[in-house]
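Enquirer: One structure is given below, represented as structure tokens, and several questions about it will come after.
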Amino acid sequence: MEGIFAAYVLPALIIALKSVVLLVVLLIVVAYLLYADRKIWAAVQLRRGPNVVGPWGLFQAFADLLKFVFKEPIIPSGANKGVFLLAPFISAVLAMATWAVIPVNEGWAVANINVGILYIFAISSLEVYGVIMGGWASNSKYPFLGALRSAAQMVSYEVSIGFVIVTVLLTVGSLNLTDIVLSQNTGLGTMLGLPASFLDWNWLCLFPMFVVFFISALAETNRPPFDLVEAESELVAGHMIEYSSTPFLLFFLGEYVAITLMCALMTVLFLGGWLPPVDVWFLSWVPGIIWFMLKLCFCFFLFAMVKAFVPRYRYDQLMRLGWKVFLPISLFMVVATATFLKVFGLA
């Protein structure tokens, strides 16, 4: 009996505990990133932003949570009730499930699997189903049009993101996210005789891929200037028009968790994960999770600034950028990287 407990029950309990801790921390981080997003946007427009609930408005996200939870959920009379309520749940759960393999520090992951990047790509590809289900089940033309736009947009930019990831995998030689971070201890900087630093991270040697990934991540998560899924002037709120209360909150939560995931992926793939910017003794004392969170917040700051400054693209411009610009660039970089590694015997 003790053998069964040690072999099966105890590992399951540990994974469940890790999952609960990750979920709580993730929700708190998302709440304050949403607060930061609103504050940055307000600062650009010379406004104060959230400033009433708590000091400097720090508890605004939690007040919004209570507001959504206690509102009455309204379901359109012609909607497919089961699918209508299931869609936001699917979006939120799938968005949070992808975080199971993200290492925020060395050894700090719920599941440190050898195909972590493949797992993320597979799960995130399913998130579009929640949007499509919500748009179709609403039995309204505007949500349905928003869902169709979302499906086309996400599929288009997943191709570019996939090629970017292939380029990183060719360079590193592993699908394990921890291995990808540790491989960035050495790079262009150390080849030039410099100490380990941010010059060794993949953002420098794969800079075109870093730019393609960042812009594709904006489109994949429906962030401005690619928020055509919920363009206010055309589709009001897109697939979320008919949603209110907790179902709307779940859609909104799934969207921001996906944005945070893209920031975390940029950190892991290109910005050295939990590694300090320079390998010196006083920076090495700082816990790796602090460096990881600082890099994640920097990536989110870039997302927020793009939202504040860049005007929305037209739908044809969005599709042209994905298929006629990013796809050829990312495909060329895959071939160029593979050729370089083969010629110089690094493969």
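Including glycine, each Cβ sits where the backbone N, Cα and C put it.
Remember, predicted model here, so these are calculated numbers, not experimental data.
Take a look at what Swiss-Prot says about it:
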type     : residues : note
TRANSMEM : 13-33    : transmembrane segment
TRANSMEM : 50-70    : transmembrane segment
TRANSMEM : 82-102   : transmembrane segment
TRANSMEM : 115-135  : transmembrane segment
TRANSMEM : 161-181  : transmembrane segment
TRANSMEM : 198-218  : transmembrane segment
TRANSMEM : 248-268  : transmembrane segment
TRANSMEM : 286-306  : transmembrane segment
TRANSMEM : 325-345  : transmembrane segment
Enquirer: Who are the chain neighbours of the transmembrane segment (248-268) in space, where the CB to CB distance is under 8 Å and they lie at least 6 residues beyond its ends?
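Expert: Sequence-remote neighbours of the transmembrane segment (248-268) are 26-27, 29-30, 33-34, 65, 68-69, 87-89, 91-92, 94-96, 98-99, 102-104, 120, 124, 127, 130, 134, 177, 180-181, 210, 213-214, 217, 220-223, 239-240, 292, 295-297, 299-300, 303.
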Enquirer: Should anything in the same chain at least six residues away from the transmembrane segment (115-135) have a Cβ under 8 Å from its Cβ atoms, list it; otherwise answer none.
Expert: 83-84, 86-92, 94-95, 97-98, 100-102, 109, 143-148, 150-151, 154-155, 158, 161-162, 165, 169, 175-178, 180, 220, 229, 238-240, 243, 251, 254, 258, 261, 265
Enquirer: Residue list, the transmembrane segment (161-181) vs rest of chain: Cβ under 8 Å, 6 or more residues beyond ends.
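Expert: Non-local partners: 101-103, 106-107, 109, 112-118, 121, 202, 205-206, 209, 212-213, 216-217, 220, 268-270, 272-275, 327, 330-331, 333-334, 337-338, 341, 347.
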